[in-house]
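Visitor: Handing you a structure now.
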Amino acid sequence: MKLHEYQARDLLARFGIPVTGGGVAVTPVEARTIAAEIGGPVVVKAQVHVGGRGKAGGVKLAQTPTEAEQVARQILGMNIKGLTVEKVLVAEAVSYKRELYLSAILDRGSKRVMMIASAEGGVEIEEVAKTNPDAIIKIPAHPTMGLLDFQARELAFRIGLNDGKQARQFAQIASALYRAFVECDASLVEINPLVVKADGSLLALDSKILLDESALFRHPDLAALHDPSAEPEAERRAREAGITYIKLDGNIGCMVNGAGLAMATMDVIKLSGGEPANFLDIGGGAGKEKVKAALQIILSDPNVKAVLFNIFGGITRVDEVARGIIAALEEVPTDVPMVARLVGTNEEAGRALLAESKLIPAATLAEGAQKAVAAARGEL
């Protein structure tokens, strides 16, 4: 589960990490009030779960409370990558000398919490990994004792914080970040940038936190932070229908039963020269209504040029899936070509149901992927 920036900021503050002052506004007048309380220049930031807010005009500087009100009026209601801005964070504008990066993430290779730091903050860490990988410092926390003091100090020294006072403060922040990661059952806690102010002190200027949804039952206070309005409409509908759906950037929609088979399907589409438009797992035992909902979600993406059904009927009955596809197509007529690879329980009945439809049959996954790629290109 993603947290908004203001929620992440407040959570880090609970662990003793220095953060910017400010507050959240849902109206321009509230933004003006918060700016007046700060008493200086402020940054008004759109609170939506997407990157690229600044480039989209969702982050603006305001010198006065009146200007903060004007800026908030411009940002509130703005559409950024399909999400409507309903809240803005009004935070104090801070001058600084350096931008650093610090995060904690679960490293599945070492099966430990990996602490990552870099002297090149303020930009996407993935970009730093491409352009200057040596600037990224990684240290795994001890599996039972956590992040040790000497490890935190080593991170500080290796990113150029040679001043003793700065190194100690960085070590304290790194240790607090690790505690936040573990105690909140997070999958990512990131400060980017962690800035060095003019007086030499450190401050978390922007932050990102991802929580493990499977562990939220242990944290009702964190679960309460979930904002349904901040997630894309398709993902919200999928969650309500009990479907696992993640939108991607391709043009071939996928409906698969089982997460492993869904990932394999995406891989084969890529190997066939195509790009998957989504990850979608309808789960085991999916009935007609669930299949219908899944297809409607896939077709709601205007980028989808073809759909590939890859169903292996173990618990899931192939004829039930076929009925769901037919029912969905009756309610949502579409010209999008569809390829179906249906095998397993009641597959003969399922294929018979689809025989009179316009679906393109495929005997194997490889054949299905190749036909879906060709259909997306308009070659079928």
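The backbone N, Cα and C atoms fix where each Cβ goes, and this holds for glycine too.
Found this in Swiss-Prot, in case it helps:
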| type | residues | note |
| --- | --- | --- |
| DOMAIN | 9-237 | domain 'ATP-grasp' |
| BINDING | LYS45, GLY52, ARG53, GLY54, VAL94, GLU99 | ATP binding site |
| BINDING | ASN192, ASP206 | Mg(2+) binding site |
| BINDING | ASN257, GLY314, ILE315, THR316 | substrate binding site |
Visitor: Using DSSP and collapsing to three states, where does LYS45 (ATP binding site) fall: helix, strand or coil?
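Guide: SS state of LYS45 (ATP binding site) = strand.
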Visitor: CA-CA, which of the binding-site residues ASN192, ASP206, GLY314, ILE315 lies nearest VAL94 (ATP binding site)?
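Guide: Checking each of ASN192, ASP206, GLY314, ILE315 against VAL94 (ATP binding site), the shortest Cα distance is to ASP206.
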Visitor: To what whole number does the mean pLDDT across the domain 'ATP-grasp' (9-237) round?
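Guide: Taking every residue of the domain 'ATP-grasp' (9-237) together, the mean pLDDT is 93.
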Visitor: Using a Cβ cut-off under 8 Å and a sequence separation of 6 or more, which residues in the same chain sit near LYS45 (ATP binding site)?
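Guide: Sequence-distant Cβ neighbours: GLU5, ARG53, GLY58, VAL59, VAL88, LEU89, VAL90, ALA91.
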Visitor: How big is the gap, in Å, between the Cα of GLY314 (substrate binding site) and that of ASP206 (Mg(2+) binding site), rounded to a whole number?
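Guide: About 47 Å separate the Cα atoms of these two residues.
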Visitor: Rounded to a whole number, how many Å is the Cα of ILE315 (substrate binding site) away from the Cα of GLY52 (ATP binding site)?
Guide: 42
Visitor: Looking only at C-alpha atoms, tell me how far GLU99 (ATP binding site) is from ASN192 (Mg(2+) binding site), rounded to the nearest Å.
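Guide: Distance between the two Cα atoms comes out at 8 Å.
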Visitor: Would you count the other CB atoms within 10 A of the CB of ARG53 (ATP binding site), including those on all shown protein chains?
Guide: 19
Visitor: Looking at the binding-site residues listed here (GLY52, GLY54, ASN192, ASP206), whose Cα lies nearest to that of THR316 (substrate binding site)?
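Guide: Minimum Cα distance from THR316 (substrate binding site) across GLY52, GLY54, ASN192, ASP206 lands on GLY52.
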Visitor: How many whole Å apart are the CA atoms of GLY52 (ATP binding site) and ASN257 (substrate binding site)?
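Guide: If we compare the Cα positions of GLY52 (ATP binding site) and ASN257 (substrate binding site), the gap is 33 Å.
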